[in-house]
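Asker: Shown below is the structure under consideration.
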Amino acid sequence: MELEDGVVYQEEPGGSGAVMSERVSGLAGSIYREFERLIGRYDEEVVKELMPLVVAVLENLDSVFAQDQEHQVELELLRDDNEQLITQYEREKALRKHAEEKFIEFEDSQEQEKKDLQTRVESLESQTRQLELKAKNYADQISRLEEREAELKKEYNALHQRHTEMIHNYMEHLERTKLHQLSGSDQLEATAHSRIRKERPISLGIFPLPAGDGLLTPDTQKGGETPGSEQWKFQELSQPRSHTSLKVSHSPEPPKAVEQEDELSDISQGGSKATTPASTANSDVSAIPPDTPSKEDNEGFVKGTDTSNKSEISKHIEVQVAQETRNVSTESGENEEKSEVQAIIESTPELDMDKDLSGYKGSSTPTKGIENKAFDRNTESLFEELSSAGSGLIGDVDEGADLLGMGREVENLILENTQLLETKNALNVVKNDLIAKVDELTCEKDVLQGELEAVKQAKLKLEDKNRELEEELRKARAEAEDARQKAKDDDDSDIPTAQRKRFTRVEMARVLMERNQYKERLMELQEAVRWTEMIRASRENPAMQEKKRSSIWQFFSRLFSSSSNATKKPEPPVNLKYNAPTSHVTPSVKKRSSTLSQLPGDKSKAFDFLSEETEASLASRREQKREQYRQVKAHVQKEDGRVQAFGWSLPQKYKQVANGQGETKMKNLPVPVYLRPLDEKDASMKLWCAVGVNLSGGKTRDGGSVVGASVFYKDIAGLDTEGSKQRSASQSSLDKLDQELKEQQKEFKNQEELSSQVWICTSTHSTTKVIIIDAVQPGNILDSFTVCNSHVLCIASVPGARETDYPAGEELSESGQVDKASLCGSMTSNSSAEMDSLLGGITVVGCSTEGLTGAATSPSTNGASPVIEKPPEMETENSEVDENIPTAEEATEATEGNAGSTEDTVDISQPGVYTEHVFTDPLGVQIPEDLSPVFQSSNDSDVYKDQISVLPNEQDLAREEAQKMSSLLPTMWLGAQNGCLYVHSSVAQWRKCLHSIKLKDSILSIVHVKGIVLVALADGTLAIFHRGVDGQWDLSNYHLLDLGRPHHSIRCMTVVHDKVWCGYRNKIYVVQPKAMKIEKSFDAHPRKESQVRQLAWVGDGVWVSIRLDSTLRLYHAHTYQHLQDVDIEPYVSKMLGTGKLGFSFVRITALMVSCNRLWVGTGNGVIISIPLTETNKTSGTPGNRPGSVIRVYGDENSDKVTPGTFIPYCSMAHAQLCFHGHRDAVKFFVAVPGQVISPQSSSGGADLTADKAGSSAQEPSSQTPLKSMLVISGGEGYIDFRMGDEGGESELLGEDLPLEPSVTKAERSHLIVWQVMCGNE
């Protein structure tokens, strides 16, 4: 590698293969003079034996000096390698630190969010537990209320019965009281009174009282506070219930005074508010919380109802007693003579009393119409007793009763019962309050337990977080201590970077291990390159060593020769220095003793960048870049021995000589003519890809030119394809060879028919936009429109249909070596699943439309001849083809059998059989409107007449016909990251999408070959599209060619003659698009992880670049032989230095061959142009590479021949570096024909020029016609490596090259346009 570098950077090799050093030449001169003196004094015989020894000594001495020189070169290279490794390590360390900081921030945010979510989950769980507890309590309360309601109904019935009995007893008690008051009257009345008592038993309670005696009725029933005396029989039944109610273990909270009064008053009236059982008491408290007022409202309502019922009861009783007294007094006088039993039965008004009591009963019943069956039943039993018993029994009972003692006993019982009821009610109230309190405390206990658990968990989390914070604090203190120590260490700027303590032992071990691995790989690569170059040099220059050995002999041989001619001194090298104030280039002579003088002279300069401090953070990144660009500027200005012209750094071979050859070379240099951001309005747009527009083609299959809606023909008879085929078959092989060579030359010319329009794809984070410009006036944007919401990764210009395109329907007719496997179409109208049947790796994909089946094919039984089902619509479709296009029927002839048959069996082995499948809808007129948008093709466009759109209101019929032929003309194909493929017209109506389809993976590259478009997908397959029989592109039917498994992306493709080279991992696959098969595959790099990224074809060579590699590889286009390796990394490192910007770490991002130059764009914005050497690399081996004869390459699979042109060798010794570059990677190169400035004004309009170059530019060569080409470079930002950041924005590249002064504009996407004059070949 060092030997090659020495050759690369050497000024001129001179006439001999090696030049003696100055010391050896001095010694040789002195010895030569001494030998002359000896010969003059003595004779030649004296020095004949001595001279070989002296020559051997001098040769050894010269070789020692040469080895010493080589060792110094190797030492410098090793220092550069060490410097590169250190730079790479610093950059990787900074990137890793930045990534770790981002990761820590992301982890903290995720942890905080996780803690918040956990807190929310815990709170929701606590609320859920509380709600479940409440729901359980409500369910218990409902069940207790239901039980209480049932018991209250039972209790009400028993109380109602007792209430009726107590009314009777109360009436008897009133009668006895009145009789006791009247006992002091006369004896006669007492006798009559005793007789009346015998006639009217006391048990009936119907004694004749005066009408006014009803006013003496006590008011005990009218008072709500007095307990009722009717409970004297209820005591026995109610007492056990009170004992039962006291057994409840729950204790509610204390009641209110209103509740006590309500319950006491209700119980005294014998209403519904009687003694409640234990279940009722439980339900009262547990169901209703202490703060709810529902219980008070209900009790108030019941109280009001009972009070009204009570007043009505008292009124009814008074009326009833008065009526009974009057009836008894009136009837007693009339019926004294009747018998006692009969008188009692007849005079008893019980039926009337029943009616009254039934009315009373209906008004006083609190339970909505429950009949008092107990009252009726007791009344009936009373009548039965009276009717069946005799008067003697009744009299005995009445006479034996002690009315006065009985009343006092009843009063005592009533009073005692009242006290017991009050005690029981008070106990029930206390019990209910205690039960409610227990329930409330239970709920609070559960809630507090949940809160306690949450607090415990929070405590644990806080403890963990506290430990984490303590750990972080400890780390922060350690980092702060390290930072302080680092600041102290940084103050000692004299200490070199390599000696500072910055790493731990583990990091240092890892770095050393990685360094050793990189070093080992580097040494292996250097050894391989050195060995290859040595072998090539020895093979190409076999006489070099002989020249080196005979140079000293030649020097001393003059002693014995008669000629005394002195050797000519080599011309000193010319160094053109640019003087900025005068804009002139002045030659200067400078002696250079060795190759080392071209390398950096200051040995410490390799560590200039590393001696800087690295304390700049992200905020000061811009200032750091400015400083680095300043140092690049200083490095560029230090470089001597190179010519600077037109913004390029040229090698010294461009020195001015008398014959004017250098002037011609200077004249053909690229001249920068335009430099500006792509879009002044939108600064967020990023460049992605671009392509020049090819407006050629647009002809029908039979040679007709499409103009508007008409088709014109030059000579119809002469364009008969079948006749031409027959004539070509009858020609001799020599004429056939000549014709094929002419066709190849015609294809080369068609490929160069480009317009000056350029489509540029720019993207933001959400949308992709297409900007159309004219390279002649790149500042004027012709149009811009949005394509889709995904990134457009590639774009290709597809010319219109040509008569030289492969005919549709004959793709597999000539490939006899194709595997005869079964072929099946994949999507029928009833099934959406793809049926993969491979034909040499080919899958046919069809997208059927509604009403049109896409020729569904099924594998045959024998596996050799598939059955192709023809849709019945094909007969009607073919009849609609225009008569002016006869080849449309010829293209479908192979697919049709008989017109009346619907199925046809085709043998693949038969020649001429079209086995893809039937193209449906030839003219595009039967596509329904409700198609899926993925496969729907929009063929609408305007009428094309000489590339000018006609107004919509003109020629409606012609416009309708022209819409069908829209994709016959030149189109632009755009491939998006989401797998969508868009086809736009490149003639007019650019915004309108003619066709679109969604493929199964991202689209990475698109190429066109003779009417076939190949689309590379990220899953390792090629989608192959053809034109339909009408000449339009048919996106609904295509082939898929699988390059192998496992699937990897196809990164790049290029057209090489009539084949396509595909970059697939580290391999290159050569695909024959017509036969749709893989012809050849070979490794471009030994490692599988090294992917092929760019391919550039010219002549008989293809230049290949590898991912993350700075070496370009040249392969032969026909023999696939590896011809040359060119490493651009040493050149870039030499020109720009090896600073922290990483110019030494070169990766190639853009590659193009144009204007007999190899254009290389790198990942750090450097642009290199390397002139190609069309002739052979050396003339020493004329047998291997013939010069004047025409080389012809044959195809092993067919009789086709291809003319050999030239092999595009190049040498880094001739490389030219552009000082105009980008801040980021170079995205693309585009070359289109055009002329911005005239060749006469190119010297004056350029930014850097020379006097002689300017004068030579004004004299165009009359021998070779020159063609002007515009080369466009696109990338992020702009930088002038001579000016750095401070002056790069203010420099003007002529009048048409204004640069915006703001820094933000300098970082936008920029276009750089050069004009190159190249020969018309």
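Each Cβ is built from the backbone N, Cα and C atoms, and glycine gets one as well.
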Asker: May I ask you to indicate which of 473-500, 809-836, 893-920, 1285-1312 is given in Swiss-Prot as region 'Disordered'?
Answerer: 473-500
Asker: Can you tell me which of these residues Swiss-Prot lists as phosphoserine: Ser203, Ser538, Ser1081?
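Answerer: Cross-referencing Ser203, Ser538, Ser1081 with Swiss-Prot, phosphoserine lands on Ser203.
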Asker: In Swiss-Prot, which of these is labelled phosphothreonine: Thr226, Thr365, Thr1181?
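Answerer: Cross-referencing Thr226, Thr365, Thr1181 with Swiss-Prot, phosphothreonine lands on Thr365.
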Asker: Which candidate in Thr217, Thr276 appears in Swiss-Prot with the annotation phosphothreonine?
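Answerer: Going through Thr217, Thr276 one by one, Swiss-Prot annotates Thr217 as phosphothreonine.
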Asker: Give me the DSSP three-state residue breakdown of the compositional bias 'Basic and acidic residues' (473-489), ordered helix, strand, coil.
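Answerer: Summed by class, the stretch gives 17 helix, 0 strand, 0 coil.
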